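To keep things clear, I will list the structure first and then write my remarks on it.
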């Protein structure tokens, strides 16, 4: 892979990283409720899932996933079901008044696990790694080093996207002190997550 190809890859990849999706929406919601650092650190949970997907793509095992209709269908159904479950939880969640004098007790492990599961169940992410990244690989050169560079670049840019969405969510938190406003914010996020979950069912293998 040439430097020119890599420079073309960076803006195209960053556009994908910044696209509104289930993980970025979760970062906004978590930052609005628990602050920047909680959302930013917890958001790194998605990087674990993405790193595993990159490893699969680099080793060629993703070909099986890409070719197996049943395996791909299972991923779609699991991802859609999990997002819809999260949407229901957000819709039904209580929104008591916030006591700003108390320290946030949000579990980073829980948030990171949630981010990881949402990313792992996203069939669009799988298609990004099996269809988008290979376009920038020079087949005349060793593939693993190229996938390593592309994968590392993707993860770094995804980390930047986590920071940007967490920062945006932190400022939304100023309007979410009131329970009624926060309740409707959670419901809007829940509705959007449900819509994304349903859209997962429409994703086809290419």
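Glycine residues also receive a Cβ, built from the backbone N, Cα and C atoms like all the rest.
Those TrEMBL annotations? Automatic predictions, nothing curated.
The shown structure was predicted, so the numbers you read here are calculated from the model rather than taken from an experiment.
Listed in TrEMBL:
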TRANSMEM  39-63  transmembrane segment
TRANSMEM  70-91  transmembrane segment
TRANSMEM  147-172  transmembrane segment
TRANSMEM  184-203  transmembrane segment
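Of the recorded ranges 39-63, 70-91, 184-203, the transmembrane segment (147-172) has the largest number of C-beta contacts under 8 angstroms with 39-63. Long-range contacts of the transmembrane segment (184-203) within the same chain: residues 21-22, 25, 28-29, 32, 76-77, 79-84, 86-91, 93, 95, 121-124, 127, 172, 176, each at least 6 residues beyond the stretch ends and with a Cβ under 8 Å from a Cβ of the stretch.
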